[in-house]
Amino acid sequence: MNKVKIVAETLTELREHHRLMGIERQPKQLKTADFDGPVIFSDDTKIATVPPAFFTVQTIQELKRLGGVPDSDYGPAGMASHHPLPEPYSAERLANVTGNHADLCKAFRAYIYGDSALVKDYEDILNAKRFPLKVALYGGDSMTISADKPLIVQSRDNHGEPIVLVYEQITVEPGGQIIYRTNGTVQANTMTMVSALGSDSDPTNITNRGSDGNHGGNGANGTDGQTGSHGNAGQDNKSSCVKAATSGTNGAYGTDGVAGSNGENGGDANDIVLKVAYLTGAVTLESTGGNGGNGGAGGKGGRGGNGGNGGGSTSYCSAGRGGSGGNGGKGNNGGNGGKGGDGGNIYVTYESGTPVFNAKSAGGMGGKGVMRVTVGAEAMVVAVLLVVVMAKLVHRVTMGLPEQQVLGGMCILMENVSNDTRRFHREIM
């Protein structure tokens, strides 16, 4: 059994072994209702409503022990492994990569939140490339989250750096929400979800959400064609036309518009670990990928230039012909809408209490394509199908095993780990 530490033990360990600094600047009692808008917890001091504290972790093994999912939660008696894995480790292939290389990011996530044995070959390179790591922390005696004043937890530039919350008591009032937009851990001695009186359903109170993709830029309009040159007037002598008027030249073509750029893909939701000694109330969890950005509008074609005027007539010379107008440029295609991000994972461990769990998940919506072509339609259809698939709820009971509810690609597993400890795992498969 992996017993949930009490908050005082965690803070003592962080002070003594991980150089915890700055927590004295944070309020002991925090109520989001006391602030004008959403309360933002972040490792970025420019956007944080309350200044973050920081502690330092030297290795990935330490980080998994402090805030990850224990390996013992996986295997025949627990969850199946479900995190994407990197390519097989190769020292030669990865010798010169940065810490944000795709394989290192996959290995980092799978090690912390999955079965670390599956990516054990990556331990040394992760420790060399990504550690020591400064982790933002928020803590205190109590925190109360009110309706319309959510707590938003997000990392600098949506890079997914973990942010840790450590409170003696957390109360989420009716309509209150904890919205995580990064990886992280929430630890509390007591966590209470308060339901609205007379309500048949409880709104989501813990949300794990990916970042939305930026919209694509609009394409530039084409330039207008230049007007044609005017013709010269005719010339007479005393009794006749000696030089005919010349025609105007044709106007220049307008140039084509520039294609709109594609919208960015929505970010995948991250991983959240909740470790609570006493948990009670309706715990409604939601994990949603970020929406894809809309494609930029295609530029309009430039207008064709007017034809030049024909040369003027005289007493004996006819006027010259006017030039033809130039063709207008073609309007270009709008950009593709970005793909919606995937849902993430929420893991809840509690020792006692009477929580009632609800969970739902969805991929982010695809962005819209723009202008006269349908390039963005496929992204939208895929997102709609994903939402429909994930809305199918099936109950399954396996003899000798705990009940599982399967929500599309989501598995909700309630298991008795010991006489006094239960774990609630919610995963995207």
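Any Cβ shown, glycine's included, is placed from N, Cα and C.
As annotated by TrEMBL, compositional bias 'Polar residues' applies to 201-211 (among others). Listed as Cβ neighbours of the compositional bias 'Polar residues' (201-211) (distance under 8 Å, sequence separation of 6 or more from its ends, same chain) are residues 158, 172, 174-181, 193, 195, 266-272, 274, 282-290, 341-346, 358, 360, 364.
Counting residue by residue with DSSP, the compositional bias 'Gly residues' (213-222) contains 0 helix, 0 strand, 10 coil. Sequence annotations record features per position, and here TrEMBL assigns compositional bias 'Gly residues' to 213-222.
Residues or ranges marked as compositional bias 'Polar residues' by TrEMBL: 223-243 (among others).
Marked as region 'Disordered' by TrEMBL: 196-243.
Among the features that TrEMBL reports, transmembrane segment is placed at 375-394.
Across the compositional bias 'Polar residues' (201-211), the DSSP tally of helix, strand and coil residues reads 0 helix, 4 strand, 7 coil. Shown for the compositional bias 'Polar residues' (223-243): DSSP residue counts in helix, strand and coil, namely 0 helix, 5 strand, 16 coil.
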